[in-house]
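Down below is the structure, laid out as structure tokens.
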Amino acid sequence: MLYKLLIQRPAHASNNNSSNKKMYNNKKINCKHQQAQHAVVLALLLLLMLLLLLSGQIEPVDGHKVTARRITNHNYPVEEHTVHTSDDYILTIYRIPTSPKRPLQNETIKPVVFLQHGILCASDDWIINGPETSLAYMFADAGYDVWLGNARGNTYSRQHKHIHPDTSDFWKFSWHEIGVYDLAAMLDYALAETNSSSLHFVAHSQGTTTFFVLMSSLPSYNEKVRSVHLLAPIAFMRNHSFILSKLGSIFLGSPSFLSWVLGGIELLPITTVQKLLCEHVCSVGSMFKFLCSGLLDFIGGWGTRHLNHTLLTDVCETHPAGASTTQIIHYLQLYISGDFRQYDHGKELNEIIYQQATPPSYDISNIRSCVNLYYSENDYMSAVEDVEYLASLLPCAELYRIPYNDWNHYDFLWSINVKEVINNRIIDKIRRYDIEHKLGVSS
């Protein structure tokens, strides 16, 4: 603003040097005040993140029934299902089989839709906005059989047949394993339970990454999806703009002793301390509530006007939901390499695991499903350039760019206008698909 003020200053302004100088000084003071305020907010955000990280060292609490409780409280039926992966992880997923608004459709066979969350998130992502706005409920109201996934390592899927989650062996996975093992197992389970041959797939953030992993690694799964809708998709990260990722990639973006030491550690599980911290900081009357919204802005994209601030306490109850540090490190590797490829273990291990010195790239051309990509300008995690480059490589892709310049990574889930901007569009596209393919969805 100062630069703009100076270059637009008229030539005859010399007669008003005193007043102009005073105005300039006031602008300069205001600018310094704003910079100081931003610095204070940033420091408080970093402190909050540090407290959350430290709270992760405390025994995680059992948040296992929160999704079911929330769905029941919203007067929708809910089923809890247990899924076993081929590498013995035990996952908990949820089903909303019908809607109280469509009681006559309870016994009919309905099209299936599967919703998959992002990193450090959970099945709650799709229901926190309440029955009128949340995508899961909207699908149920539209006549769909709704399934909510949970990836290994989050609050609902912190189990293994042989390995205890308090040991490091449990956490030796990235989103590659979530794609080829978890997502594959969850989709197969939902299809088997509903006696269906295919389903509609919706995902956000890391959920989109795992979709790309599964479809490129095991192409037969392309036949199991009818339509695909990916919010804030992440594959390539060349233009990723989150500052902590840029800093972290310096130390962890390439195989090193540090990445080996910090890999395979539980990251940000829900703990008693975190829950208390969030309840007091994010509650409606808290003077520190701005830190919670600020944290989402800091990570997902600064300056959004769309976040539903009344949801912050609910978000904090179940988020962050836990993950492995290796998931983060794998993303940092993508930023450094500029490629969408498997985990880099270092040359020697790569030779053993992949039979080559560098990790193999995922073969995007194997993704035969037609993919709808929803993206935005102000998303620090999913850059416009990266999404459009990804679309150019996919055999079939349709792009939808959000018509708001300030829409960020979390607005896809928890914005005040998510129903009008995103959800209605997704449901309309899926219903048109089903009508065109005569899948029997009633209006």
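Positions of Cβ are set from backbone N, Cα and C atoms, glycine also.
These come from TrEMBL:
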type: DOMAIN; residues: 69-130; note: domain 'Partial AB-hydrolase lipase'
type: ACT_SITE; residues: S205; note: active site, nucleophile
type: ACT_SITE; residues: D379; note: active site, charge relay system
type: ACT_SITE; residues: H409; note: active site, charge relay system
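When the Cα atoms are compared, the residue listed as 'active site, nucleophile' and H409 (active site, charge relay system) turn out to be 8 Å apart. Helix, strand and coil content of the domain 'Partial AB-hydrolase lipase' (69-130), in residues and according to DSSP, is 12 helix, 19 strand, 31 coil. For D379 (active site, charge relay system), the same-chain residues that are 6 or more apart in sequence and have a Cβ closer than 8 Å to its Cβ are A232, G300, G301, W407, N408, H409.
Secondary structure at the residue listed as 'active site, nucleophile', as computed by DSSP, is coil. Cβ neighbour count for S205 (active site, nucleophile): 27 (other Cβ atoms within 10 Å of its Cβ, all protein chains included). In the three-state DSSP reading, H409 (active site, charge relay system) counts as coil. The Cβ neighbour count for H409 (active site, charge relay system), using a 10 Å radius and every protein chain shown, is 25.
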